[in-house]
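What Swiss-Prot says about this one:
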- 12-115: domain 'Longin' (DOMAIN)
- 151-216: region 'Disordered' (REGION)
- 170-187: compositional bias 'Basic and acidic residues' (COMPBIAS)
- 188-202: compositional bias 'Polar residues' (COMPBIAS)
- 227-247: transmembrane segment (TRANSMEM)
Amino acid sequence: MGSIQNTVHYCCVSRDNQIMYAYNNAGDHRNNESLAALCLEKTPPFHKWYFETRGKKTFGFLMKDDFVYFAIVDDVFKKSSVLDFLEKLRDELKEANKKNSRGSFSGSISFSNVQDQIVRRLIASLEFDHTCLPLSSPSIDGAEQSYASNSKAPLLGRSNKQDKKKGRDHAHSLRGIEIEEHRKSNDRGNVTECSNASSESATYVPRRGRSGGSQSIERKWRRQVKIVLAIDIAICLTLLGVWLAICHGIECTRS
């Protein structure tokens, strides 16, 4: 292990919170094991892979086929490189299991027969690729930082100040949304009232026109009736006068 630096501190494979294989670098074994146990208990659900950096160490997860592939590495590695390391670890362990079981791979990996030299070789490849890689572009770093911040899950806890600040920001944003919705609701109410008022005024004018027209027709009808009655009365009076003149009053009735 002379060429292997202390950059990959720990890696393991677990299933149902039971560690089936673990590689612990020649450092603080107990500290690495306790950190791994704490992180595996809080494995983020609904993720295919997940990373979080704390205290110059990156904690990487790869969830595949009911297994969790976990690693604790220094934060000098890109997250994409650590993900590639975990995927190669998964493939190498499956291949080793196939060889040990003479090709009868049943879906469950037997890690007791896996040699540490496989993991050492993968760690050496990871460190070699890191030393040969050029400086990462800002776009790649920004994308990785954006993913880490968006999918953040509190593996090792979070400070109360950050929680309070995010809570206040969330409350302010909700308050702003409520005020905006209230303003939009008032605007919609004013528009509705104006449209109702305009429609009522538009319908009110024709009603007045219809009532005025019926009243004028009624007045004309009454005037015509009065004229007809006056003509009838005049004719009746004329006939009565002629009859009285011929009969010299009411003498015709006496005979």
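Here, residue 1 is simply the first one shown, and the rest follow in order.
Glycine too: its Cβ is placed from the backbone N, Cα and C atoms.
With a threshold of 8 Å between CB atoms, the same-chain residues lying at least 6 positions outside the transmembrane segment (227-247) that come near it are 253. If you take every residue in the domain 'Longin' (12-115) and average the pLDDT, you get 83. Broken down by DSSP into helix, strand and coil, the domain 'Longin' (12-115) contains 35 helix, 33 strand, 36 coil.
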